[in-house]
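Positions annotated as active site, nucleophile by TrEMBL: Thr128. Per TrEMBL, substrate binding site is recorded for Arg156, Val157, Gly158, Asp159, Thr179, Gly180, Asp181, Gly182.
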Amino acid sequence: MVMNGVTMEVGAVAGMRYVRDGIKAARLVMQHTEHTMLVGEQASIFAISMGLSGPTNLSSTESIDKWVKWKKNNCEPNFRKNVLPVDSCGPYHPKDSLDLGKTTCVMDNLVGAIGSRSSHVGHHNHDTISMAVFDKMGHIAVGTSTNGATFKIPGRVGDGPIAGSSSYADDEVGACGATGDGDIMMRFLPCYQVVESMRLGMEPKLAAKDAISRIARKYPSFIGAIFAVNKKGMHAGACHGWTFQYSVRGPVMEDVVVFTVLP
């Protein structure tokens, strides 16, 4: 996903196979269509038709080896819940057969289910990159790129291509980038929250902490992090469940400076 903080234009792709340069494809959506997001096979066709290389086999020796070991382990871990497999790796069916013709309270024990949710997100299966850039005029753009979640259910779309979740920018205010358990974080649009909090006068540090705490109150075991930067260049980060690092470089800096944020 890419976003122009001047015009609020967004370009995004999701579930796109066989094309290496996802962020370039997202930019092409923004520059050459009136849409915001393209998905799946048609996103790949669009990207290739616009000049990106493909179709390309994106599997590596490492990823194939990881997949083979996962299959041998009965396709565990995975992101399914309340299901039973017909064999070791599916197909999967609901654990309890529900007669949808009858009144059923599907909200039973909901709080307990939320509190006990285990996260599959960690340093070894997560590769999201989110970035905010200011030009010499002070205009802001943001972008996010990710390979998704390891062992995700086919068809899953996370927070990476969702404006306001993985990143957000508004020239009048500032920008935000996020990483972590996207399936949870996208339910809260944390980067939209951060930018709007800064619009109301919050400093970046408080805005980032506030957005993270809103998620943590509902999902105490979630893992995630946010960086926030206002239009003056003040920046800060906040995180939950892990120690987070983000890097900064400005026009008068000789090199990148890495900032560490404790949960």
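Each Cβ is built from the backbone N, Cα and C atoms, and glycine gets one as well.
Nobody curates TrEMBL annotations by hand; they come from automatic prediction.
Listed in sequence order, Ala14, Gly15, Val39 are the same-chain residues at least 6 apart in sequence whose CB falls under 8 Å from the CB of Val157 (substrate binding site).
The shortest Cα-Cα distance between Thr128 (active site, nucleophile) and any of the binding-site residues Gly158, Thr179, Asp181 is the one to Thr179. Of the listed binding-site residues, namely Asp159, Asp181, the sparsest Cβ surroundings within 10 Å are found at Asp181. Its Cβ taken as reference, Gly182 (substrate binding site) is surrounded by 27 other Cβ atoms within 10 Å in the chains shown. Contacts of Arg156 (substrate binding site) defined by a Cβ separation under 8 A and a same-chain sequence distance of 6+ are given as Gly15, Phe79, Gly148, Ala149, Asp183, in order along the sequence. The 10 Å shell around the Cβ of Thr179 (substrate binding site) contains 27 further Cβ atoms across the protein chains shown.
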